[in-house]
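Right, one structure below, let's go through it.
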Amino acid sequence: MQTKSELRIQQKAALARENLMKRKREEKQLYALLFQTPEWQSADSIAVTLSMEFELNTSPIIIKAWEKNKRVLAPKIINHKMIFVEIDSNTRYQTGMLNIKEPLIDNYQAVEQLDLVIVPGLAFTVSGKRLGFGAGYYDRFLEHYAGPTISVALSTQLLDDLPTENHDQTVQRILYAK
């Protein structure tokens, strides 16, 4: 089995070269699946990353949440710890750790009540294994989070198996394109 580092390189390359029409079709299917889940429908607050270019576009998820009057929270790294802060349509962003877009908020208040966390990753298995970006922020967060977690995976991101270590946290539900 490949190492996590090798898989990260492979997955980023595969996502970058993916056919745009196929990606758009899969994204549309995945948004519909997500919005139908009981976890989404019952959540008042949704934690979701601000996607990078090669990832599944999270903007439609954020917009739909606002349309449904849900609070949207995005991760921000403060002192090497990931917290979630509320964002709205007026929020400005900056590039933070690992070139990830995060809210540009000086007077922030970490939100503790999260009804649903949409967990990002480069690869997933149907059983909930996840290959993250390598910094461990989500694994450390999920270790202490007891609420529902969902990951949304393009077909390119779904693998038969992934290498794992003791600190790796699984995702409760993987939605994947067919």
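Glycine is treated like the rest: Cβ placed from N, Cα and C.
So that you can see what the record holds, here are the features copied from TrEMBL:
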type	residues	note
BINDING	Lys4, Ser5, Glu6, Leu7, Arg8, Arg130, Leu131, Gly132, Phe133, Gly134, Ala135, Gly136, Tyr137, Tyr138	ATP binding site
BINDING	Leu50, Glu55	substrate binding site
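It is 18 Å from the Cα atom of Glu6 (ATP binding site) to that of Glu55 (substrate binding site). Around Arg8 (ATP binding site), the same-chain residues at least 6 positions away in sequence with a Cβ under 8 Å from its Cβ are Leu122, Leu131, Phe133, Gly134. The DSSP secondary structure for Lys4 (ATP binding site) is helix. In this structure, the CA atom of Tyr137 (ATP binding site) is 15 Å away from the CA atom of Leu50 (substrate binding site). Secondary structure at Leu131 (ATP binding site), taken from DSSP and collapsed to helix, strand or coil, is strand. Cα separation, Glu55 (substrate binding site) to Lys4 (ATP binding site), rounded: 18 Å. Taking the C-alpha positions, the distance from Leu50 (substrate binding site) to Ala135 (ATP binding site) comes to 17 Å. Considering only the binding-site residues Leu50, Leu131, Ala135, the Cβ with the fewest other Cβ atoms within 10 Å is that of Ala135. For the binding-site residues Glu6, Glu55, counting C-beta atoms within 10 A of each C-beta gives the highest total at Glu55.
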